[in-house]
Amino acid sequence: MSEKRTEIGEIGEFGLIDRLNEKIVIKHETTLKGVGDDAAVIACGEGKVKVVTTDLLMEGVHFDLSYAPLTHLGFKAVAVNVSDVAAMNAIPKHITVSIGISNRFSVEAVEALYAGINAAAEHYDVDVVGGDTTTSRAGLAISITAIGEAMEDQVVYRSGAKENDIICVTGDLGGAVVGLQVLEREKQVFMANPNMKPDLEKYTLVTARQLKPDARMDIIHELRDLEVVPTSMMDISDGLASELFHICKASKVGVTIYEDKLPIDQQTYSTAVELNLDPITCVLNGGEDYELLFTIKQEDFQKLEKHPDIHFIGHVTKEEEGKFLVTKSQTAVALKAQGWKHF
Ligand SMILES: [Mg+2]
């Protein structure tokens with residue numbers, strides 16, 4: 001008798017997560033939100049909550065040390081977790097740092113990694129409060145857990161978007177994936193001819209987007225100052241289209257977004273064209289931008305209208321209306337969620 005074997009590729013990463021989550025039983029009333037949002041939410045009494053999120057970065061999957069400096073990698077590992085805390089409208093306070101490391105790395109190399117972690121801890125005003133270190137047989141692994149604080153009524157979930165809400169994104173999108181393509185191309189050039197010096201000068205913005213992303217805590221503080229609580233929010237780690245699908249699923253709504261409203265930086269655009277990539281595909285499906293995607297009530301629009309770094313890209317519709325992108329030629333095309341695939 002043969003045991004059933006399902007390949008992970010058959011059900012995909014999200015399919016695997018769904019299948020594992022089915023077996024989780026929540027036992028405590030303090031668990032306000034378990035799996036299924038950017039971070040878990042745990043009640044702490046007096047209307048306060050902690051949010052908890054964790055992320056595992058694997059060498060060869062999430063980063064390539066032939067072009068990712070260890071210091072930047074340390075910074076990024078913290079930033080991606082802070083970004084998930086921000087996505088809950090919470091303030092990060094503590095992180096733990098665990099690493100698996102092989103004897104390929106020197107003490108100085110590990111110190112370089114930690115220099116980036118400590119710089120990010122300073123930048124985001126969080127304390128490093130623990131972690132674990134272990135030997136790895138192959139490659140470097142970094143796992144960071146971030147803990148943030150908020151009042152329960154300030155927490156923003158993916159599930160709160162309502163019909164007619166305005167869809168907002170911060171910053172610009174697509175830069176990180178374009179930066180990754182540039183770095184990959186220069187790596188190939190270098191491997192073919194090690195005497196060639198990589199020419200990255202004109203790509204500094206997009207490569208920085210890939211190597212050293214910044215979580216948008218600035219926006220979270222500004223929203224508080226402007227007294228705007230988004231109706232739903234998440235960070236853009238897998239690509240705008242994929243994240244919109246998550247909000248639609250959690251909120252039971254549809255969306256319409258407009259191509260001419262999507263924020264793209266000039267360097268991202270021109271580099272994408274140079275690499276024969278469609279800039280809009282980079283914006284929709286690129287991922288790793290770590291900007292914020294959120295929805296607001298129409299009545300809050302005026303408070304954000306003049307903000308230089310918040311862009312209004314569309315609106316929330318009824319679930320049965322579906323998910324559409326209106327192109328520059330005024331054609332509505334169905335949005336497709338094509339996030340990355342690591343498996
Ligand atoms: Mg997230």
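Using the three backbone atoms N, Cα and C, a Cβ is placed for every residue, glycine included.
Curation does not apply to TrEMBL; its annotations are automatic.
Taken from TrEMBL, the feature domain 'PurM-like N-terminal' applies to 36-149. TrEMBL lists Asp38, Thr53, Asp84 with the feature Mg(2+) 4 binding site. Summarising the annotation, TrEMBL assigns Mg(2+) 3 binding site to Asp38, Asp84, Asp235. Per TrEMBL, Mg(2+) 1 binding site is recorded for Thr54, Asp55, Asp132. Annotated Mg(2+) 2 binding site per TrEMBL: Asp55, Asp84, in sequence order. What TrEMBL records for His62, Glu288, Trp340 is substrate binding site. Sequence annotations record features per position, and here TrEMBL assigns ATP binding site to Tyr114, Gly131, Asp132, Arg158, Ser237. The domain 'PurM-like C-terminal' feature in TrEMBL is assigned to 208-324. Annotation source TrEMBL lists Mg(2+) 5 binding site at Asp238.
Shown on the structure are the features that TrEMBL records.
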residue: Asp38; record: Mg(2+) 4 binding site; contacts (Cβ under 8 Å, 6+ apart): Thr53, Asp84, Val85, Ala87, Met88, Arg158, Met233, Met234, Asp235
residue: Thr54; record: Mg(2+) 1 binding site; contacts (Cβ under 8 Å, 6+ apart): Asn81, Ser143, Ile144, Thr145, Ala146
residue: Asp55; record: Mg(2+) 1 binding site; contacts (Cβ under 8 Å, 6+ apart): Ala77, Val80, Asn81, Asp84, Ser143, Ile144
residue: His62; record: substrate binding site; contacts (Cβ under 8 Å, 6+ apart): none
residue: Gly131; record: ATP binding site; contacts (Cβ under 8 Å, 6+ apart): Thr96, Val97, Ser98, Ile99
residue: Asp132; record: Mg(2+) 1 binding site; contacts (Cβ under 8 Å, 6+ apart): Ser98, Ile99
residue: Glu288; record: substrate binding site; contacts (Cβ under 8 Å, 6+ apart): Ala176, Val177, Leu180, Arg209, Gln210, Pro213, Ser237
### Query
Three states by DSSP: which one describes Thr53 (Mg(2+) 4 binding site)?
strand
### Query
Tell me, what is the mean pLDDT of the domain 'PurM-like C-terminal' (208-324)?
96
#### Entry: Asp84 (Mg(2+) 4 binding site) CB neighbourhood, other CB atoms within 10 A
25
#### Entry: the residue listed as 'Mg(2+) 5 binding site' and Tyr114 (ATP binding site), distance between Cα atoms, whole Å
26
### Task
Report the binding-site residues (Asp38, His62, Asp84, Tyr114, Asp235, Ser237) that meet this criterion: Cβ distance to the nearest atom of ligand 1 under 6 Å. Use sequence order and write none if nothing qualifies.
Asp38, Asp84, Asp235, Ser237
#### Entry: Sparsest-packed among the binding-site residues, when each Cβ's other Cβ atoms within 10 Å are tallied, from Thr53, Ser237
Ser237
### Query
What are the other residues, in sequence order, whose C-beta lies within 8 angstroms of the center of the C-beta atoms of Asp38, Thr53, Asp84 at the Mg(2+) 4 site?
Asp37, Ala39, Val51, Asp55, Asn81, Ser83, Val85, Ala87, Met88, Ala146, Asp235
### Task
Identify, among the binding-site residues Asp235, Asp238, the residue whose Cβ has the fewest other Cβ atoms within 10 Å in this structure.
Asp238
#### Entry: Site with most surrounding Cβ atoms, counting all protein chains shown within 10 Å, from the binding-site residues Tyr114, Arg158
Arg158
### Summary
Excluding Thr54, Asp55, Asp132 themselves, the Mg(2+) 1 site's Cβ centre has within 8 Å the residues Leu56, Asn81, Thr96, Val97, Ser98, Ile142, Ser143, Ile144, Thr145
### Task
Sort the residues of the domain 'PurM-like C-terminal' (208-324) into helix, strand and coil with DSSP and give the three counts.
54 helix, 26 strand, 37 coil
